[in-house]
Amino acid sequence: MSEEGFENDESDYQTLPRARVNHRQRGLGWFLLGGWKVLCGSCCDCLAHICRRKKELKARTVWLGCPEKCEEKYPKNAIKNQKYNIFTFVPGVLYQQFKFFLNLYFLVVACSQFVPSLKIGYLYTYWAPLGFVLAVTMVREAVDEVRRYQRDKEMNSQLYSKLTVRGKVQVKSSDIQVGDLIIVDKNQRIPADMIFLRTSEKNGACFIRTDQLDGETDWKLKVAVGCTQRLPADLFSITAYVYAQKPQLDIHSFEGNFTRVGLLDLELNRLTKALFLAQVVLSIVMVAVQGFVGPWFRNLFRFVVLFSYIIPISLRVNLDMGKSAYGWMIMKDENIPGTVVRTSTIPEELGRLVYLLTDKTGTLTQNEMVFKRLHLGTVSYGTDTMDEIQSHIIHTSGATPSRKTQASGPKVRKSVSSRIHEAVKAIALCHNVTPVYESHVNGETESAEADQDYSDDNRTYQASSPDEVELVRWTQSVGLTLVNRDLNSLQLKTPSGQILSFHILQIFPFTSESKRMGIIVREESTGDITFYMKGADVAMASIVQYNDWLEEECGNMAREGLRTLVVAKKCLSEEQYQDFENRYNQAKLSIHDRGLKVAAVVESLEREMELLCLTGVEDQLQADVRPTLELLRNAGIKIWMLTGDKLETATCIAKSSHLVSRSQDIHVFRPVSNRGEAHLELNAFRRKHDCALVISGDSLEVCLRYYEHEFVELACQCPAVVCCRCSPTQKAQIVTLLQQHTANRTCAIGDGGNDVSMIQAADCGIGIEGKEGKQASLAADFSITQFKHIGRLLMVHGRNSYKRSAALGQFVMHRGMIISTMQAVFSSVFYFASVPLYQGFLMVGYATIYTMFPVFSLVLDQDVKPEMALLYPELYKDLTKGRSLSFKTFLIWVLISVYQGGILMYGALVLFESEFVHVVAISFTALILTELLMVALTIRTWHWLMVVAEFFSLGCYLASLAFLNEYFDLSFITTWPFLWKVSAITLVSCLPLYIIKYLKRKFSPPSYSKLSS
């Protein structure tokens, strides 16, 4: 077998340099405030690296059809989104739980109860809550893990045809090995990195879509390796191998993080550390007042254990159960059907977002083009007048003027019909579209020769640009149909059925530098040679003959969000073409500066071309994209569009989707390649105010290399940013840059495999399940079916999840602080003795059956109705400031806890008669009633389940009194003195807070209460 090289003709995108990190000085303070965790993590990473050294990447030799000949073992071709396996599940979950200070603290406290001198109460009062928390967490993680496994199994079980010596066999995608020969059928996903060996087409051509790599759903022409395409059908008749370079970091590589922790969890973790510090200080004060007598160190630890309820262990389990409830509510919302919560640990993150980074193709747009406008200079045709164009084409199809007739009278004004015919004909000829026909023989789809069947129902168009496909479809709709094309010719069919054949002499493909494409054809019936060209208005304005309407009309169409193309032509004589062809071929043979010389020859033709028309094509937006983006903007969310598409296309969509409002200017960042150019362009950008930024991936890379901080600072001030020609790696690095430089929460949304890295790098990832497959939705935290659903997901569910979690977390901490305050008062009154006020079941019951249901019912609370939250998105801005859970609100709850705990304990001590047991009965009953009333005070919108929870908990406590004779005097709690004393203490502890709440809502109401009223 002859050796024949093959390579990817698409240049790989370059990756960005890693962001620079400023190292801080590390000392004891750093160690105590979390440095210990960093050091432990570093040690674990170091050990893991030693145990599992990174394999050196090498070039590979792959034998065709012989996986057993591979020299090294390759990983399975399986998708795996699971966190754990059967061996790492328990250790992994325990590590994820005990890395939080709260759970680690309770583990230490629970273990201390095995020491007799430190034992305060029964073991189950400490180990039962801890075990319950861990059990709930493991069950939740197990459910999430099973769901991930089922999703992976569905993707890995897709069947493909494998070619073997014995014929075709069906294999799962996860069982495909390196070296297998796989048959990929039409409209089937390519299951792995593959080399294109042969196709059923004679010329070895095939159209593929790369939406999982770059997000573009248009068809791209690929050609099989020539030597294997020419071989007979049985590839096993040869012995061959492929030598492949070592794996490279390019557009096919994804990166991301897996486990996420919400900002609210981190904030509560900080508050927990503050509570622990207060607990230690309170214990030291107790021991100091004693005078540090006797075994004071043991007494200190006993006080720490006594006040351990100041840090409630039920905090984690309440929050985790609340997050699961929020996820269930999101998935059951009928207004956003099909939404799936794949990560149940961060729903409250939806209420704290500042930056939304979105893909374009398939996310904001449908990538379906619709022809909207044809402008001829003096007359314009829209969607409602296309029938007039069709009638003109029918009228002139039988009498098309020849080139000679046209040339004889260049000054004579052409009729509208002839001008329309020339424009439509130019659009039908100047492109790279190929018509594809199929016939069904014996149940199998095979390629058929184009001249065998010209029926419209059996024809599909394939091209590298959806714009070109729509233009050709439009010419078909008005009567001029492309019916056949190969490398050297193409054929058009007129409304009368006549076939016009053209010989393709030259093709000048579209490039991002030239922004235009051209074709030279010879009409076989007349021998006329015509040079057609179409391109962007900025490239074509200097090429076409002088006119006074092109610039104005291009601006009008752009404001409508249409993608414009200028179409022109130039008639060539035989002598002119021969002269051009000689110079063109000579330039292509040049050794030095070949590209420049070829371009110069082509440009010699691009002079004084006749302007035929201006076309306007609209990229269909997803449903309700414009109002959704406006909603997000009003909510204070800054939107960045990151796309792999061209700059012109991205700018056009930014305008049509109203990502950039009509009143805003757009600053297009000029291409830069070095530090000096970047410095000048940044200075020019700095002088602009309130304008959107459009920048390419290459320029972005240069700016970040030299002026990272300055660029991010300027970009963050823009109302919108568009980054075009971004690789997947660049998308993820932009997310990371925003997180590092702004410390704000980011959300990434996309629908293709090229968006996975961005989605996983963001604080919150949202995937859209659409035409580009399921990779994005499977890797995301939340999966939606339409972009418009993000509005309700953030404004309603994000708001509720954050507000509810903040209220729930602070109330659970209040529940622990109030009983710790009572313990402190009790110990101080009884000579600072380290004796528990409540023991055994009272402590367990207080945190569970007596108060758990009303407290947890706060997950049903809402401050405004969903309709109001969507009508006034400005309410969302307050959430991003974190005011619902801050040190200020935490301090308020601390003061409330100290006040109520002091009133309850001192009131019980003042009112108790002769026995100590009465103090326990009065204070504990008043404590339960106070907690139930405080829940009622906290609720803003009542739900019937809240009422049920309140009365159920009260009923459980009253019913359990009959069994609490170990702690209460049953004969005393049934007397009137008990009832009035409990009522008086409860009234004093709660009534002032109700009065304060009423006055605050009357004289300084929050913004949402104004809307509610």
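Glycine is no exception: its Cβ is also placed from the backbone N, Cα and C atoms.
Record features, source TrEMBL:
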type	residues	note
ACT_SITE	ASP359	active site, 4-aspartylphosphate intermediate
BINDING	ASP359, LYS360, THR361, GLU468, PHE510, LYS534, ARG563, THR643, GLY644, ASP645, ARG725, LYS731, ASN754, ASP755	ATP binding site
BINDING	ASP359, THR361, ASP751, ASP755	Mg(2+) binding site
COMPBIAS	446-455	compositional bias 'Acidic residues'
DOMAIN	70-127	domain 'P-type ATPase N-terminal'
DOMAIN	778-1005	domain 'P-type ATPase C-terminal'
TRANSMEM	28-50	transmembrane segment
TRANSMEM	124-143	transmembrane segment
TRANSMEM	274-294	transmembrane segment
TRANSMEM	300-319	transmembrane segment
TRANSMEM	812-834	transmembrane segment
TRANSMEM	840-860	transmembrane segment
TRANSMEM	890-910	transmembrane segment
TRANSMEM	916-937	transmembrane segment
TRANSMEM	944-964	transmembrane segment
TRANSMEM	976-996	transmembrane segment
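Under DSSP, the residues of the domain 'P-type ATPase N-terminal' (70-127) split into helix, strand and coil as follows: 29 helix, 0 strand, 29 coil. Contacts between the transmembrane segment (944-964) and the transmembrane segment (124-143): absent, as fewer than 3 C-beta pairs lie under 8 angstroms at sequence separation of six or more. Of the candidate ranges 124-143, 274-294, 812-834, 840-860, 890-910, 812-834 contributes the most Cβ pairs within a distance under 8 Å of the transmembrane segment (300-319). With the fewest other C-beta atoms within 10 Å around its C-beta, ASP359 stands out among the recorded positions ASP359, ASP751, ASP755. Every protein chain shown contributes to the tally, and the Cβ of ARG725 (ATP binding site) ends up with 20 other Cβ atoms within 10 Å.
Counting only the Cα atoms, the space from THR361 (ATP binding site) to ASP751 (Mg(2+) binding site) is about 8 angstrom. Taking only the Cα positions, the spacing between ARG725 (ATP binding site) and ASP751 (Mg(2+) binding site) is 17 angstrom. Within 10 Å of the C-beta of THR361 (ATP binding site) there are 30 other C-beta atoms, taking all protein chains into account. With a cut-off of 8 Å on Cβ pairs spaced 6 or more residues apart, the transmembrane segment (890-910) and the transmembrane segment (976-996) reach 3 or more such pairs and are scored as touching. Nearest in space to ASP755 (Mg(2+) binding site), taking C-alpha to C-alpha distance over the recorded positions ASP359, PHE510, ARG563, GLY644, is ASP359. Across the candidate stretches 274-294, 840-860, 916-937, the maximum count of CB pairs under 8 A to the transmembrane segment (124-143) is reached by 840-860. The residue listed as 'active site, 4-aspartylphosphate intermediate' and ARG563 (ATP binding site) are 19 Å apart (CA-CA, integer value).
Separation of the C-alpha atoms of ASP751 (Mg(2+) binding site) and ASP359 (active site, 4-aspartylphosphate intermediate): 8 Å, rounded to the nearest whole number. Taken together, the residues of the domain 'P-type ATPase C-terminal' (778-1005) have an average pLDDT of 87. Of all the binding-site residues listed here (PHE510, ARG563, GLY644, ASN754), it is PHE510 whose C-beta has the fewest other C-beta atoms within 10 angstroms.
The distance from the Cα of GLY644 (ATP binding site) to the Cα of ASP359 (active site, 4-aspartylphosphate intermediate) comes to 9 Å.
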